[in-house]
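Taken from Swiss-Prot, the feature domain 'ABC transporter' applies to 9-239, supported by sequence analysis. Swiss-Prot lists 41, 42, 43, 44, 45, 46, 47, 48 with the feature ATP binding site, giving sequence analysis as the kind of evidence.
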């Protein structure tokens, strides 16, 4: 982040407990203006709690929450420049589409012409301009979600918070809404903070992702960085599918696993350090035993539409997931091949700061 740019939202050592349950553990985060952020994690990871702290629905036990450099811990929710879209939409069933979207501008004291123009602008934005007089119970789930977004944006928030807003929609509609939300955010240029447990949603929409588990931000970064360079077992397993096996980092760019040494592109670790090795299923190719870097036995497969999901096992008992364009024969022994850059190495208990510093150090060495 540029030194001159003050984050629109920042958490500094934020801690929160509910009774004996520690919900957030000394969370630090920074959110820049005008980007799409996602808080990603399983149920109970603390992601929705962060959203409620931003909106003012909850108060932290300790630590500072700031908005554009100003501490807001004690600022009430109604005075914060944020609006929230909820999973259940929270629309007013006794009001039609126009009145739902006009609710916020009316409370702000806009005149009738301003309200009409604002509602028209918001409904155009969410592609519901022809639904202005519809009753809420006449709308589909996707249409109700669009109305909820329009209503939240009609208040001109600097930050829009979205708490799992797509989880109740069917798969095709959810995919469509992913693109629409991203388009809306880019058109408006305001900050979106999106909460989800769905890693596909996070990867598809986000500029930046915070991966959470047990009240701790495990890793934050761009979708590409988090997918390609997971920091630990949890992130590697939660973001996409992963094959994870134990290994030993013999020296820079050489790792030992399943009884063999393999070239890779990682460095900056101690000689003979115990590590975990990650290979993504889509990076593995089936080949002949003679050409394979590993030899496995095919145990199972399922057709996934554009690929076969194949389960195999090596002679050491490690299970391997492979995505292949062609089917395999159950019980057959085959080879697996992959490239050095497909191997990702994870250290045990490496902090995110140390992880980033290590990557930067050996990437700089490669450029010399």
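First residue shown is number 1, and so on along the chain.
For all residues, glycine too, the Cβ spot is worked out from N, Cα and C.
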_Taking the Cβ of each of the binding-site residues and counting other Cβ atoms inside 10 Å, which one has the highest number: 43, 45, 48?_
45
*Other same-chain residues whose Cβ falls within 8 Å of the Cβ centroid of 41, 42, 43, 44, 45, 46, 47, 48, the recorded ATP site, in sequence order*: 49, 197, 212, 213
_According to DSSP, does residue 48 (ATP binding site) sit in a helix, a strand, or coil?_
helix
_Same chain only, sequence gap of 6 or more: which residues have a CB within under 8 Å of the CB of residue 46 (ATP binding site)?_
23, 24, 27, 212, 214, 215, 216
*Within 10 Å of each Cβ, count the other Cβ atoms, then let me know which of the binding-site residues 41, 42, 44, 47 comes out lowest.*
42
